[in-house]
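Quick look at what Swiss-Prot annotates:
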BINDING   35, 36, 37, 55, 85, 101, 108  S-adenosyl-L-methionine binding site
């Protein structure tokens, strides 16, 4: 697949600086993408430092495989498998920093053939790894109104979820929806457009993409695994791009940085007992993009960088 990807990493300096990189440290880039963050980390590592990168997208893996550096290793896997990977590499409790740059990557959104864009026509796929799972086209064809409406409402916060779901199923009864613009136009004709700068299909496309790739479940598993992988003083830095992601990250950090409050006389769970005595995380910072960065890179507009550290 010959395609040139023009990717500007969001808050790159802030993300890299947040790690406080040690020259001989061990780091994990959980979302390699086109390698912008990984390459910056490698520049700061000494000869005995190590960087492990992960990406489920086969094209991202192909890009990463071209990096010939003995300090670098990349695997083609979901980041929810971080713990298994760390066990295999024998780096549990030894990692100095882990980064996540969540959401869809430029590899996916900029290539119409991947089926993520509601602006350019392509096959309605949306799988981050096209070799696994069901495509968006197949899922919409096989699902009923209730199932589609649930996904649009819960993963896209779409007010008109049921109306859109009915329109999709009406078209599906005539023929399967197979292209991105076909779906985008169905949605555009179904709901009112108040903001000319925001496409009416954006929430629905986000919702379907999140569901098809099980993104929120993947994030939850990956975040929990970082608590075992990082060493004391190790940092986790996460960039999210929409409220569902950021809510999940914020909840994870708050839950693991505050002690449990147990009402007197109530039974206590093992998790609550652990939280009574220890707080695993210390929240370091929350950073938003500057207006200058937003002007130069509109994709930065909704981004949030959250940083936390494993307690010493």
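The count begins at 1 with the first shown residue.
Just so it is clear, glycine is given a Cβ too, placed from its N, Cα and C backbone atoms.
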Study note, to complete from the structure: Largest C-alpha distance in Å for the S-adenosyl-L-methionine site residues 35, 36, 37, 55, 85, 101, 108, as a whole number, is 24
Point to revise | Which listed residue (55, 101) has most other Cβ within 10 Å, given these are binding-site residues | key: 55
Point to revise | Candidate with sparsest Cβ neighbourhood (10 Å radius) among 35, 36, the listed binding-site residues | key: 36
Exercise for review: Name, in the order they occur in the sequence, the residues of the same chain whose CB lies under 8 A from the CB of residue 37 (S-adenosyl-L-methionine binding site) and which sit 6 or more residues away.
Suggested key: 9, 12, 15, 16, 29, 31, 99, 101
Study note, to complete from the structure: In three-state DSSP terms, residue 101 (S-adenosyl-L-methionine binding site) is classed as strand
Check your understanding: For residue 108 (S-adenosyl-L-methionine binding site), which residues in the same chain are close in space, meaning a Cβ under 8 Å from its Cβ, but six or more apart along the sequence?
Key -> 57, 114, 116, 128
**Study point:** Proximal but sequence-remote residues of the same chain as residue 85 (S-adenosyl-L-methionine binding site) (Cβ under 8 Å, at least 6 apart)
**Key:** 52, 54, 75, 77
